[in-house]
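Scroll down for the structure; my scribbles are underneath it.
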Amino acid sequence: MQILLANPRGFCAGVDRAISIVENALAIYGAPIYVRHEVVHNRYVVDSLRKRGAIFIEQISEVPDGAILIFSAHGVSQAVRNEAKSRDLTVFDATCPLVTKVHMEVARASRRGEESILIGHAGHPEVEGTMGQYSNPEGGMYLVESPEDVWTLNVKNEDKLSFMTQTTLSVDDTSDVIDALRSRFPKIVGPRKDDICYATTNRQEAVRALAEQADVVLVVGSKNSSNSNRLAELAQRMGRRAFLIDDAADIQEAWVKEAVCVGVTAGASAPDILVQNVIARLREFGGGEAVTLEGREENIVFEVPKELRVDVREVE
């Protein structure tokens with residue numbers, strides 16, 4: 001059985017930054033550090049940080065006065081930000097800079113009183129945070145997930161309308177929704193390209209190349225990870241058996257028993273140690289040496305806040 005690895009896969013710059021913010025805060029200030037929502041959607045990462053003293057909460061009211069609070073990589077609404085500001089808290093923002101860029105687009109539309117449409121998945125924390133940047137009662141903020149949603153949407157003024165997208169969507173699905181928006185609202189204005197981030201786009205491109213060669217695809221990522229789910233869906237659409245797994249223990253031998261080639265990738269919030277564990281498990285099932293496919297090089301780095309720019313090893 002051949003083992004192929006998608007390239008790129010795993011951590012993106014926004015996830016790296018968010019985890020570093022929590023790790024550095026723990027090293028500098030000591031436990032406990034409070035984090036609103038899971039800092040990234042990965043069980044292994046969250047459990048590891050929890051063991052070191054991070055406390056994950058959903059409501060600001062759960063944070064005691066004088067504590068350190070970190071916003072997750074998914075971002076928060078303006079209401080949450082204001083609530084935190086009204087409290088005696090030291091706040092660090094781990095929102096991915098590419099999510100912040102979308103927040104700024106929404107805030108700009110809100111100031112102008114222009115209506116905005118967000119393409120995204122209802123209930124996802126990134127969507128809640130992005131929708132929460134809009135506050136102008138003269139305009140309006142709407143969420144659509146599919147072309148069908150677009151055709152049933154009613155707005156106040158079709159001449160002053162813009163759209164944005166969640167950063168972790170399916171590139172293909174989003175293109176279909178944008179086509180519907182432009183057809184329904186010919187004067188709608190959007191970003192030069194959609195707001196789907198480079199890492200999401202690159203990992204979908206990589207899993208497409210992987211699925212062309214593999215007959216089974218394993219996606220390492222947690223069930224609540226939007227970008228990981230999109231990778232598994234894409235492989236399935238290409239006619240491959242694809243499974244979303246948290247770690248190597250989830251793999252069932254029956255999935256790969258008849259496989260000639262198994263492809264492995266990982267969502268943007270999944271650490272490489274989980275991929276290595278999956279490779280080891282596949283080798284127990286008769287897999288050979290893992291071969292990494294050629295792919296797009298990524299060299300983007302997002303800096304942590306200057307107050308947290310320390311060598312954690314020195315602090316420890």
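Any Cβ shown, glycine's included, is placed from N, Cα and C.
Taken from Swiss-Prot, the feature [4Fe-4S] cluster binding site covers CYS12, CYS96, CYS197. Listed in sequence order, CYS197, TYR198, ALA199, ALA268, GLU298, ILE300 are the same-chain residues six or more apart from CYS12 ([4Fe-4S] cluster binding site) with CB atoms under 8 A from its CB.
Swiss-Prot lists HIS41, HIS74, HIS124, SER225, SER226, ASN227, SER269 with the feature isopentenyl diphosphate binding site. DSSP assigns HIS124 (isopentenyl diphosphate binding site) to coil in the three-state reduction, placing it in neither a helix nor a strand. Cβ contacts within 10 Å of HIS124 (isopentenyl diphosphate binding site), excluding its own Cβ and spanning all protein chains shown: 17.
The number of other CB atoms found within 10 A of the CB of SER225 (isopentenyl diphosphate binding site), across every protein chain shown, is 25. The (2E)-4-hydroxy-3-methylbut-2-enyl diphosphate binding site feature in Swiss-Prot is assigned to HIS41, HIS74, HIS124, THR167, SER225, SER226, ASN227, SER269; the stated evidence is sequence analysis.
Close to ASN227 (isopentenyl diphosphate binding site) in the fold, though at least 6 residues off in sequence, lie THR168, ALA199, THR200, ARG203, GLY221, GLY267, ALA268, SER269, each with a CB less than 8 Å from its CB. Feature annotation from Swiss-Prot assigns dimethylallyl diphosphate binding site to HIS41, HIS74, HIS124, SER225, SER226, ASN227, SER269.
Here Swiss-Prot flags GLU126 as active site, proton donor, drawing on sequence analysis.
The record assigns HIS41, HIS74, HIS124, THR167, SER225, SER226, ASN227, SER269 to the (2E)-4-hydroxy-3-methylbut-2-enyl diphosphate binding site, and the maximum Cα to Cα distance across that set is 15 Å. The 10 Å shell around the Cβ of HIS41 (isopentenyl diphosphate binding site) contains 29 further Cβ atoms across the protein chains shown. You'll find the Cα of HIS124 (isopentenyl diphosphate binding site) roughly 11 Å from the Cα of THR167 ((2E)-4-hydroxy-3-methylbut-2-enyl diphosphate binding site). SER269 (isopentenyl diphosphate binding site) counts 32 other C-beta atoms within 10 Å of its own C-beta, drawing on all protein chains shown.
The binding-site residues near CYS96 ([4Fe-4S] cluster binding site), taking a 10 angstroms Cα-Cα threshold over the set HIS41, HIS74, SER225, SER226, are HIS74. Note: THR167 ((2E)-4-hydroxy-3-methylbut-2-enyl diphosphate binding site) has non-local neighbours CYS96, LEU98, VAL99, VAL102, GLU126, ASP195, ILE196, CYS197, THR200, i.e. same-chain residues 6+ apart with C-beta under 8 A of its own C-beta.
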